[in-house]
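Enquirer: The ATP binding site annotation in TrEMBL covers Gly21, Lys22, Gly23, Gly24, Val25, Gly26, Lys27, Ser28. The [4Fe-4S] cluster binding site annotation in TrEMBL covers Cys195, Cys198.
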Amino acid sequence: MADTLATHLAGIKHIIIVLSGKGGVGKSSITTQLALCLVQGGNKVGILDIDLTGPSIPHMLGLDGKQVHQASSGWVPVFADENQNLCCMSIGFLLQNKNDSVVWRGPKKNAMIKQFLADVCWGELDYLIIDTPPGTSDEHISIAEYLKDINPDGAVIVTTPQTVALADVRKELNFCKKVKLPILGVVENMSGYVCPHCEECTNLFSTGGGEAMAQEFGVEFLGRVPIDPSLTLMIEKSNDDSATLENGLIKIYTESNLFKVFNKITDRIAAKVIT
């Protein structure tokens, strides 16, 4: 299995896993923004969505309703831009109806994750970003086991500032240490709210919790990302308008205020991966 995966994923330079022990902290939005920033930096990027019961990546990339094609060598991922620099694979592309529920036990989930890694024609990529569900259960154990001999670059841990979220995310940091998965750093998401009118950022919840937790565990704090309604509007627009401008979501995102914030976080992640 390890030799087969190593051969199949040989064209991928870097593998990053986005994790959080808490649901609702915005892992998929962080995954999407990381991918968009990396593509804007001249990289070829793939996203693997292993959140099998709540796949969000197709919607985040404006790809609702798209389907995966079968080639002689396996599944062809769905491309999100005309230049084919951003592609993704998700169970969301395999459902007849996006509202269908996936009611699977652990073994079937494990088999699907294995198939996503071994049977998708990822080709040559600079980065493969893996978006995960919350928790530290089947999907997380499977991806850690399947990739352990391939040596992924590490995990980006996502949290929000609230104490209840930080308590669950600490468990994810401990999970990474138990499975010997390197931690690239912590991102504090939803850290403040950006007013759509005056662009002032207000701390609706609290701030600084993610940074304090990173210091506690001796890992790098990558930065804070505020809630910005323009991101939601941008995603909804890309889903409603299939004839978006050239490069679609990538071009629109680089013109947003969040791009300026997240591009700095992306540079920190890329620097840790390259070194």
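Each residue, glycine too, has its Cβ placed from N, Cα and C.
A TrEMBL annotation is a machine prediction, not a hand-curated record.
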Enquirer: Might you list, by sequence position, any residue in that chain lying six or more from Lys27 (ATP binding site) with a Cβ less than 8 Å away from its Cβ?
Expert: Val18, Leu19, Ser20, Asp131, Thr132, Pro134, Val158
Enquirer: If you count Cβ atoms within 10 Å of the Cβ of Gly21 (ATP binding site), leaving out that atom itself, what do you get?
Expert: 23
Enquirer: Neighbour count, 10 Å Cβ-Cβ cut-off, for Ser28 (ATP binding site): what number do you get?
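Expert: Its Cβ has 23 other Cβ atoms within 10 Å.
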Enquirer: Given a separation of at least six residues and a C-beta threshold under 8 Å, show me what packs close to Lys22 (ATP binding site) in the same chain.
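Expert: Within the chain, Lys22 (ATP binding site) has Cβ neighbours under 8 Å at Pro134, Thr159, Thr160, Val164, Ala165, Asp168, Val169.
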Enquirer: On a simple 10 Å Cβ count over all chains shown, which one of the binding-site residues Gly23, Gly26 is most densely packed?
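Expert: Result of the Cβ crowding comparison: Gly26.
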Enquirer: Sorted by position, what residues of the same chain at least six away from Val25 (ATP binding site) have a C-beta under 8 A from it?
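Expert: Set apart from Val25 (ATP binding site) by at least 6 residues yet with Cβ under 8 Å, we have Pro134, Val158, Thr159, Thr160, Ala165, Val169, Asn189, Met190.
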